[in-house]
Amino acid sequence: MASVHAIPSVEEEFIFTSGAKTKLLIGGGIGLAMVLIGAFLLANGSGHEAAEAAHGAAAGAAEHGEEAAHAGNWMTRIWANIWVNAVYFTGISVIGMFFISYNYLAEAGWSAVFKRIPEAMPAFLPVTFVIMLVTFFLGGHDLFHWTHEELFDPGNKLYDPIIAGKQSFLNTPFFLIRMVIYFASWYLLWRILRNLSLEEDRIGGTTNYYKSIRYGTAFLVVFAITSSTSAWDFVMSIDTHWFSTMFGWYTLASWHVSGLAVITLTVVTLREMGYLRAVNNSHLRDLGKFVFAFSIFWTYVWFAQFLLIYYANLPEEAIYYRSRFSGYGGIYQAPFFINLFLNFFFPFLVLMTRDSKMTHSILKVACWSVLIGHYFDFYTNIMPGSVGANGGFGPVEFGFILIFVCAFIWSVSSQLTKANLIPRNHPMLEESLHHDIA
Amino acid sequence: MHVTSPVRPPLVTGAKTYADVTEDICRHVEAKPTKEWWVAFIISVVVLIYGTACVFWTWWEGLGVWGLNKTVGWAWDITNFVWWVGIGHAGTLISAILLLFRQKWRTSINRAAEAMTIFAVLCAASFILMHMGRPWMAYWALPLPNAFGSLWVNFNSPLVWDVFAISTYFSVSLVFWYIGLIPDLATIRDRARNKVSRFIYGSLAMGWNGSAKTWARYEYISLILAGLATPLVLSVHTIVSMDFATSVIPGWHTTIFPPYFVAGAIFSGFAMVQNLMLITRVVYKLEDYITLEHIESMNKVITLTGSIVGVAYLTEFFIAWYSGVEYESYAFINRATGPYWWAYATMMTCNVVSPQLFWSRAIRRSVTWTFFISVIVNIGMWFERFVIIVTSLHRDYLPSSWAMFSPTMFDIGDYIFSFGFFFTLFLLFSKFLPVVNMAEVKAVLRSSSETLPKKVAGVAKGERMTSPTYNKDVQ
């Protein structure tokens, strides 16, 4: 399809225009305004909702009667919202690193041409790290039941022997150490890979390529463990009693397909802005296949976890789905099904055909479906255990999504300006430019 | 236009022409069996005969000849079944998933790996039949309308899901393998020197004429079958894992089982492919086609899947503690320190530690090490299933029914049967069918040869030059 003469220049500078910056600032501003309005409404109407909460809580939903009243605090909902978005965007950012790492390890050629996009994503990690750290310090008690000292004190009436049994893992110092290790290892390895990639742009050769394979592999080893443990820490420990061995890979599958959707969406958007002319239909189709395949993979993991818990019907496990399906007055039932619809049925049907995977508009619709869907995925995993019956979907939720999206786009855009949009000396670039799977 | 980056290592060495590929692979099909082949074949058949006698006795006398007891109701039978099904996964992974990922190194190994899949699945199925005790009633596992009153399959049972998953998987693998064989069968047909083989290979080649249209269809159907086989390969071991995970037995009921079983299956399957290919490579002198690059790539897959399995082991162990569920914690501590600690230690060493040796480039490019570690891996994967099945069962909820399992000579003999069966079939395959996909190797020759000959088409050599078997002018 693409003959030698048809390949456009590989010299492309991305310009982060002041118009785009203004739009992002306005977007963030609107988000902030919505959060403030939403918070004001919640703060004034919270007494009413808290009363309902005490009634609505399903069996086992609130682990201790006293906690239910406490959860009525509208600040909990603010913290939980920040946490949902921060965890989600941490995942999307780190998947940029994951994607380049496994592409290096697998000696992939086709992806070289748009490699700068996943490479730009992990720059957002320090932002989410600070946000999560601050949220944990200020709102940790609202989000994480296990941060309450009295659960571990046998003399206290709130003593919980099961949670006390987890103390050597679930305690604040160790949690913080782990969090620092995750972000530090992910970010530092990304910095190394990024610098090697930028140096390759300047001096060429294959030394940096081989080094990148090594560091990429090192990251995969680190991520093999930290992806699971971070999922236990950031999400699973919110429902402190509950456990599932699948949960680490489940969260990884969720992060992964979201990250792929962001990469695809960014490639498509840049093409529509006139950049990345060297990306052809074959690249788009392969990106589409990745989103298609890994949305099915996520569904596989989701279903395997659900089926096994449903089938065995052990109370300590099944309560997780029970509280999401019919607990808290059923308020989480809609997100539960939206999650499945947007993450499986819709992308599955839309991306099924060959031509749809190289059509900009269809790719965009499918990627947005996956991205909105996985927001609901984290929403249904985090909200019931933290805000319980006080959850909902209003200005606060929309506002925080808007703030995080604008901040993330800002971060990626400013990273993209720092290097040529196409890694001009990548040893696989020639293969990638001629990528043709017609 | 396709470009191959100079950083890619070559996949075919020795400056092969298309004619060389045909010659190198067809030679073994056309020549008389070698002495080594006969020795190996006779040993396999003897083993098969012994095994068949054991299986016959198992059916004649009943399952009481096995070492099962009322506490440990599943042991070697299901261990062997899961082990063989797992081994089968590598063939589909190579032929389907690596095709979807456009990995050119699959072309030299896909044929033998797919054959291995089919034979491994047959071996696995034989344990299901053995375990039924009355194999002539095997069709009761299918939802066939019948006149037996209320007799109907229990669709709630993962064992029934298994029947569908494995039979579908077997059919698709067989079709995939056969379709891939057709162009090569036609090559052998065209080279055949006597009427019998021309008739047999000719019938099997189904009138393949090598036109552009047939090639286009060949590629189309390969992609479609790859698309079908990919979810199938995941579903098969997923459902096998659900035979255990849907229960409420500590150590079995854990949600990570489906993907972890799939990873383990690919892990052991690749090890078996390594063992078979390393021998075939030497005996058939295929070093130019199955290069150290191929071996290294497969070793990388072994390390990757072995590490995934390792992460799953650690996750299970951790969550067993984290859950605070007394039974679950006990099941895992009992695995590691109870009376079957040696099985657990074998599993951990073979599956988690040994593949990590492949981090060394020297080891993963060493034929001897690769062969050795691949054997170790398959020992480890057998023990994994044994550990999962027997250690979870032998400690019942009631301490009064706690028991141990010891295999009888029929447990062992029936396992030996599957080896005889497997190797007999594989040796027949390696004699009568081309072990490497000639057509697909030719397709990557231009892009992936170490050095290209002056004229890549090449010419027939020696005797074939003076007396060609196939004269186009006549027809």
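Just so it is clear, glycine is given a Cβ too, placed from its N, Cα and C backbone atoms.
Listed in TrEMBL:
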type     : residues  : note
TRANSMEM : B:37-60   : transmembrane segment
TRANSMEM : B:80-101  : transmembrane segment
TRANSMEM : B:113-133 : transmembrane segment
TRANSMEM : B:159-181 : transmembrane segment
TRANSMEM : B:220-240 : transmembrane segment
TRANSMEM : B:260-280 : transmembrane segment
TRANSMEM : B:301-321 : transmembrane segment
TRANSMEM : B:341-359 : transmembrane segment
TRANSMEM : B:371-395 : transmembrane segment
TRANSMEM : B:415-436 : transmembrane segment
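Sequence-distant contacts of the transmembrane segment (B:37-60) (same chain, six or more residues past either end, CB-CB distance under 8 Å): 66, 126, 130, 133-135, 283, 409-410, 413-414, 416-421, 423-424, 427-428, 430-431. Within the same chain, residues 85, 88, 91-92, 95-96, 110-111, 114-115, 117-118, 121-122, 124-125, 128, 141-142, 153, 204, 218, 221-222, 225-226, 228-229, 232-233, 235-236, 239-240, 242-243, 433-434, 437, 440 sit at least 6 positions outside the transmembrane segment (B:159-181) and bring their C-beta atoms closer than 8 Å to a C-beta of that stretch. Contact between the transmembrane segment (B:220-240) and the transmembrane segment (B:415-436) is not supported, since fewer than 3 Cβ pairs fall under 8 Å when only residues 6 or more apart in sequence are counted. Take the transmembrane segment (B:113-133) and the stretches B:80-101, B:301-321, B:371-395, B:415-436: counting Cβ pairs under 8 Å, B:80-101 has the most. Panel annotation: around the transmembrane segment (B:301-321), residues 254, 256, 259-260, 263-264, 266-267, 270-271, 274, 328-329, 331-332, 348, 351-352, 354-356, 358-359, 364, 373-374, 377, 384 of the same chain, lying at least six beyond its termini, place a Cβ under 8 Å from a Cβ of the stretch. Within its own chain, the transmembrane segment (B:260-280) is flanked in space by residues 83, 85-91, 93-94, 109, 112-113, 116-117, 120, 233-234, 237-238, 240-241, 286, 290, 294-295, 298-299, 301-302, 305-306, 308-309, 312, 351, 355, 367, 370-371, 373-375, 377-378, 381, 384, 426, 430, 435, which lie at least six positions past its ends and keep a Cβ under 8 Å from the stretch.
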